[in-house]
Amino acid sequence: SGSVSWRPISLSQNYPTTGTTTGTTTTITTPLRYRYAYHTTTVRGAPAPEAMTEDTPMPLLLSTALPDITRLAIESPSTPTPPKDPKAPKDPTPFRFGTRLLTDPSSVFEHNAWDHVETDEAYRATSAAQISFQRSRPVDPFNKERFNSDPAKWWDDFYKNNTTNFFKDRRWLHQEFPLLETLTSQGAGRANIVELGCGAGNTLFPVLRLNRNEELCIHGCDFSRKAVELVCAQEEFRKEVKSGRVRASVYDLSQRDTLPEGVEEGSVDAVIMVFVFSALSPEQWADALANVRKMLKKGGKALFRDYGRGDLAQVRFKAGRYLEENFYVRGDGTRVYFFDEDELSTFPKGDFGGFRINDMGVDRRMLVNRKTQVKMYRCWMQAVFEKL
């Protein structure tokens, strides 16, 4: 509806762009940190995906025209792609996410992953059919109440079973959220960061390791008591806590009009919310965002990253996992929601007022299993909200 208007946004460097237009469809390829914006929607380079808790099913052969969803798989792209000649030396240049663009479809299996790749027709058809099936086989009322009544219990069980071994450290944070680099730089001055949903420390510790600011304090919070215990038990935490640069506490973000222990109203420069809101039900978002706004200074930023609509993790859910539209329960009892751009843009508006959108984007990535010739599509949402 209406015309489509694209405008370039240069974040750090000016890059050439290429694009093709057919009818009303425009296809753009763009390197890292150079985006095309459609209204508030942008494209970014994608970091390695978060690990999934579901079992990985059998892979799908490329020759299948319409894939059987039970055979789709998730492969982590974090393993470096081996050179074509095993005896040849590896390229010492560090890989940066968002820079690998698929310009020749015939070369799709030359690497493990490609950036800014839209889903193909077969995947879209399968996704629609699978989500329709999920709706027809929802979680029964008894179990729906069981999973929704005490979500912290399920995350406690998760961390008891997996301890610190499940998620990978998020070393890409400074690349995706430059504000963190600013706050942790030498001489930046007093800076307070709160991480919501700190888990076992896979965000908190990478930020601390890169910190050069003697006046930084980062406070990790999670509503899983077991997760906080895991953070506090690590030697790295015990060393830094003596300096006052790190704290951790149990905190339920969804509880109305609350703040983490030791965090004062209007005292925080940045709130990190990475794969946090997807664990909340939509009915909890308003209270959660009000709490985020309460802890932030005026002009403080909320750094958001979470699962996007149509991500392979959503499509793979089977019968008995659908709680409500785009909201599911995993096999371990933890919940997950999948966002889209229009929905996320309402966060600073309406019931969630008090913010403005500084940045919003969709990360799309195609992962490839070169041995079995499987293509897998991932999608994440990312945004920066500023407190007014």
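Glycine too: its Cβ is placed from the backbone N, Cα and C atoms.
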For the record in TrEMBL, which of the ranges 1-26, 79-104 is the region 'Disordered' one?
1-26
Going by DSSP assignments with H, G and I as helix and E and B as strand, what are the residue counts for the domain 'Methyltransferase type 12' (194-301)?
40 helix, 28 strand, 40 coil
